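All remarks here apply to the structure that follows.
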């Protein structure tokens, strides 16, 4: 393992975590090309996820601060006998993030082993990439939603959470699936994008907790402090770039551009799986 490889893995993690192209598949391919066994870099992988989390905190700092503030105030209201008062958009958004996380967590807990087994099938990965591309294309072409946060309800959050849960399938993009799920529910593009990135926080945190258990079993690995810092910084910076790039693409109604990429990669993967 070298610092250069750590930086390259960080860049791939940051870009593909938030661009709708499936991060798991790209990271696995990159590890293979670099000749780095997955079990030897689990600790680095966890830190790269932390770097991408910082990306979301950086881009949506104001929203996250207000959500946390209002959530604390809502708990204070509850403890002082005022009940749960959802009297502003940040309180509502915070509760809906929790609701969306529930189906995601259930799928992750009970079906993780099943979906993980799909990593052994390049055919399934290729087909999943084609599905991702088709969803992105369809959502961009047929959606005319204008629903805002005031129009959201718990059922919307559950549906988007289910989309996020199914994204543990290798080849299915988490950001792509949640944005598509939001657009299918009629959200406006700004809300669909924001909600997708905000619900990624508990999802990434949860996945990271599961990975910590694996790290304790295989060890931290042979890394220098320079390697770790370089990798995390690379994942953070590339993550910020990816989030802002995706926001720009969605504003310009060019989300379907990513369809061409996932269709191409998916077709290549399927072709190789059949050879």
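Glycine residues also receive a Cβ, built from the backbone N, Cα and C atoms like all the rest.
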What range among 74-94, 95-115 does Swiss-Prot record as transmembrane segment? 95-115
Among the recorded stretches 41-61, 95-115, 118-138, 192-212, which has the greatest number of Cβ pairs closer than 8 Å to the transmembrane segment (223-243)? 41-61
